[in-house]
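Taking it in order: structure first as structure tokens, then the write-up.
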Amino acid sequence: MSLDAPATSGRSQALPLRTTPPVLLGRGARLVERNLLAYRQAWLVFVSGLVEPVFYLFAVGVGIGGLVGSVEVAGIGEVPYGVFVAPALLAASSMNGAVLESTFNVFAKLKWGKLYDAMLVTPMQPRDIAVGELTWALMRGGVYALGFLLVAWVTGLVVSPWALLALPASVLIGFGFAGIGLLVTTYLKSWQDFDLVTMALLPLFLFSATFYPIEVYPAALQPIVFLSPLTHGVALVRGLMLGDLGWALLGHAAVFVVLGLVGLRLATRRFAALLVS
Amino acid sequence: MARAVTLRVVEGHARQYRHTWRGTTFSTLVTPVLFLSAMGLGLGSLVDASATQTLGGVDYLTWLAPGLLAAAAMQNGAGDGSFPVIAGIKWEKTYQAALNTPVRPADLTLGNLLWAVVRASVAALVYVVVATAFGAMHLGRGLLAIAPAVVTAAGFCAWISAVTAQMKTDQGLAAIQRFFVMPLFLFAGTFFPVSQLPDAIERFVWLVPLWHGVELARALSLGTTPTGPWGVHVAVVVGFLALGVVLSVWSFGRRLHR
């Protein structure tokens, strides 16, 4: 079965409203709708996702900020520590949110709930599932990023109008990580494997020039820091929120376009292999 | 307190662990070390350039190490009081199976708690050895600091398992983690002195069991005196555990009573 074949067939005319693919997202939109419905039962879990980055913002920005004072940023000069670290926490929370959604939650539906098996009995295709889950992860991440930016703005940590672009930038970071997350999920065997996911995220979170400028690392380690995709996410959001624009930002953004597209493409293939056999 | 049957429950956990260790061990052992190196070394270089006075004259790495010991122990205890408990009661129903033997609900409570103590102790021991290798701790004093850390871990395991045993779904676990455990990890004097907090909030820290555990671990590790009298800190940490044990035994009995 071809993945990209149009999923319509003669019979679907009988239920035109439910089975006509919406223009945007195709039938993936149905999966987004399903997730929206499901989360009405779990609104507390949804809301709690915003709380963690905000707690980090206060603990690190205010608590540790009081110890550090200000940070020297190349090209800008001295910046209060809270202003320096807020963009990094936004980028990191976009990564965490996208990966948790596309790994833990998708795995539970794939292996335990057998949800996708049920969906494939309908006109939905593996591609719709991958696109739908990815879209959902981005919507959820977008809501959190907006909330985080509002909190940062209210607490005086937003110093440039370019910070508005940090919202789409966060969604783009989410796109890259969710694409990879989906792909990784198709290789996971049991809940024990999630320890590896957590253990991949934590070093990225801690060592991507998140909490201190890259110049703090020994010169020999600095190139390694750039291998972390999150380093590019932090640089992107930090550049926008500090109003330090440059062509390099486009390069950082491109990293996530590539990660997301490659992840989505391969994940779709893997979903098809796992589910349609 | 512990009957022979309780130890059988601990043994059951150990046997199960042989199959599931891959799911928790790596993060339990590596997480605090990663935090120690990222925050203690990297961030420490920024902190030490400006604020050694606030930390009582020691460098940030040395100051942070015992705080992380206690906070990581709390997270381990909280973890062992949540998912394993709801899995035993609801998902895998191993608790129901055990109750068909001479095991009583209180044995399941205490067995889980003792197993959590074993795991937290091993994790704390490994951490102290690594922190010593980092030059962040003095081995002997670091070993002493394990005691308050593990008592704190046990207290959180008991309290959270008491709450978890009443849950119908696992939704509440995410809420506990994000509204309760995570803020404590960040704000209870682990990463920065609570004097950095606004005064209105700083006063409440006396009500936070983790802060007392952090104070004890830090005082023992640095060889200094804690913020409050030793007796008060010890009483809070031990009292928190004792009350948690009573509550969790009651809670398990109520949920599992047939």
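Glycine is no exception: its Cβ is also placed from the backbone N, Cα and C atoms.
Listed in TrEMBL for this protein:
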type: TRANSMEM; residues: A:43-64; note: transmembrane segment
type: DOMAIN; residues: A:44-274; note: domain 'ABC transmembrane type-2'
type: TRANSMEM; residues: A:84-108; note: transmembrane segment
type: TRANSMEM; residues: A:129-156; note: transmembrane segment
type: TRANSMEM; residues: A:162-184; note: transmembrane segment
type: TRANSMEM; residues: A:247-267; note: transmembrane segment
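The transmembrane segment (A:84-108) and the transmembrane segment (A:162-184) are in contact, since at least 3 Cβ pairs between them lie under 8 Å (pairs 6 or more apart in sequence). Residues 130-131, 134, 169, 172-173, 175-183, 185-186, 229, 232-233, 235-236, 239-240 of the same chain sit 6 or more residues outside the transmembrane segment (A:247-267) yet have a Cβ under 8 Å from a Cβ within it. Remote same-chain partners of the transmembrane segment (A:162-184), defined as residues 6 or more beyond its termini with a Cβ less than 8 Å from a stretch Cβ, comprise 87, 90-91, 94-95, 97-99, 101-103, 106, 130, 133-134, 137-138, 141-142, 145-146, 149, 152-153, 197, 229-230, 233, 236-237, 240-241, 243, 245, 253, 255-264, 266-267, 270.
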